[in-house]
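Trainee: Have a look at this one before I ask anything.
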Amino acid sequence: MGTPWRKRKGITQVGTMSPAIALAFLPLVVTLLVRYRHYFRLLVGTVLLRSLRDCLSGLRIEERAFSYVLTHALPGDPGHILTTLDHWSSHCEYLSHMGPVKGQILMRLVEEKAPACVLELGTYCGYSTLLIAQALPPGGRLLTVERDPRTAAVAEKLIRLAGFDEHMVELIVGSSEEVIPCLRTQYQLSRADLVLLIHRPRCYLRDLQLLEAHALLPAGATVLADHVLFPGAPRFLQYAKSCGRYRCRLYHTGLPDFPAIKDGIAQLTYAGPG
């Protein structure tokens, strides 16, 4: 009879100690939540709430955003469409888009460089595509690549709603890894004066090296890469700084609607194969 009693006693002691241990860790948990509250809000908004709304509505966030644009934006006015998307992201659901601060950097560079041909890798909902298209010089051409067909369908409708036709903005559905080797033969792109990398940062280095390997970057070409600090593209940045073929500049920004989360855009100027 004694042994079972001791076991029960041991279990009782462990049970009474667990809340005490949890209480001891409470200050640490609170400190971490306060320090990383912006990341926690981002996680809740982009993963938990978004997944719930996807299930309830049967639509993806990009499709819900486009429905909002249809009822609130002026067709044929890309600036008003962009402002409407910004309002949606700030007041309705967070949209993982470039946002107005980074957008101004992008538009200024497109206007300064006046590229004849721009290649965008990562169309997403079409936000940055509209930024580039409205800043292109007369006769300029934009090829934008999106790997997800459903997202690409939304972007296509947004681009056409803004008033840009297929001759000015061509959307290609496929992964950057598959599309880049085919650009010269299938899409008559012999050079990209400006390239925007705005999809998975872990793929940026691969994409850059593919562009080099297929001789699609002329000397003086500009390569812009978003999200190089968050979530980050350290291998891409290290390569660009150490290979000797690029001049690098980093624009420090925050995430749209989360300015406390630090991010940045890298601007590379290609010097040539060397």
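Each Cβ is built from the backbone N, Cα and C atoms, and glycine gets one as well.
According to Swiss-Prot, the record shows the following:
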TRANSMEM  14-34  transmembrane segment
BINDING   Glu120, Gly122, Thr123, Ser128, Glu146, Ser176  S-adenosyl-L-methionine binding site
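A description of the local structural setting of each listed feature is requested, covering burial, neighbours and distances.
Mentor: For Gly122 (S-adenosyl-L-methionine binding site), the number of other Cβ atoms no farther than 10 Å from its own Cβ, over all displayed protein chains, is 22. Look at Gly122 (S-adenosyl-L-methionine binding site): DSSP puts it in coil.
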Trainee: Residues other than Glu120, Gly122, Thr123, Ser128, Glu146, Ser176 within 8 Å, Cβ to Cβ centroid, of the S-adenosyl-L-methionine site?
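Mentor: Along the chain, the qualifying residues are Leu121, Tyr124, Thr129, Thr144, Val145, Leu196, Ile198, His199.
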Trainee: Around the C-beta of Thr123 (S-adenosyl-L-methionine binding site), how many further C-beta atoms are within 10 angstroms, looking at every protein chain?
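Mentor: Step by step: centre on the Cβ of Thr123 (S-adenosyl-L-methionine binding site), count other Cβ atoms within 10 Å, giving 29.
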Trainee: When you measure from the Cβ of Glu146 (S-adenosyl-L-methionine binding site), how many other Cβ atoms are you left with inside 10 Å?
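Mentor: Result for Glu146 (S-adenosyl-L-methionine binding site): 28 neighbouring Cβ atoms inside 10 Å.
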Trainee: Among Glu120, Gly122, Thr123, Ser128, Glu146, Ser176, recorded S-adenosyl-L-methionine binders, what is the largest CA to CA distance in Å?
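Mentor: Spelled out: the longest distance between any two Cα atoms in Glu120, Gly122, Thr123, Ser128, Glu146, Ser176 is 17 Å.
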Trainee: Across all protein chains in the structure, which of the binding-site residues Glu120, Ser176 has the highest Cβ count within 10 Å?
Mentor: Glu120
